[in-house]
Amino acid sequence: MAASVTVIGIDPGSQCTGWGIVREASGVLTLVNCGAIRPKGADFAARLGDLYRQLADVVRAHTPDEAAVEDVHAAQNVATALKLGQARGVVVAACAAHGVPVIDYRPSVIKKALVGTGRAEKEQVGYMVGQVLGVRPDWKLDTGDALAAAICHLNQRRLTRLAGLA
């Protein structure tokens, strides 16, 4: 069993992508760093390129062992869903290009893991992230969701290990 594992949680978005790095060592979860990427560019393709560059910089700087990425949820607007899917593809590509395995989680699974219900509000998720990590949640909502994805994944790893499946 590894002495510690570092996970980057990512909440993809075409306007704002939240990310959070959480390390588990001896069963203790620690916030390493977190932030939000607001890609810039003259058009959508340029913004996707900027998202890739900025996220690749984060991955290089923190060298996570694994990535927990929030899956695309059903959007009411088809065009919005397509853009979100493209942003998510960029996120997966940035992780894969740096050898970081990507594990997908539905938003409802992440919420249930942190709050106990898959229909929790972002504020509730952010509050619980702060409680789990022992910090005051002063980050953007997308960043809180990304940290929640990382925590959800670390908890899944621990449960799998305890069940003797890993």
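Using N, Cα and C of the backbone, Cβ positions are placed for all residues, glycine too.
Listed in Swiss-Prot for this protein:
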- Asp11: active site (ACT_SITE)
- Asp11, Asp142: Mg(2+) 1 binding site (BINDING)
- Glu70: active site (ACT_SITE)
- Glu70: Mg(2+) 2 binding site (BINDING)
- Asp142: active site (ACT_SITE)
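Of all the active-site residues listed (Asp11, Glu70), Asp11 sits in the most crowded Cβ setting, with the most other Cβ atoms within 10 Å. The DSSP secondary structure for Asp142 (Mg(2+) 1 binding site) is helix.
Listed in sequence order, Asp11, Gly13, Cys16, Thr17, Gly18, Ala36 are the same-chain residues six or more apart from Asp142 (Mg(2+) 1 binding site) with CB atoms under 8 A from its CB.
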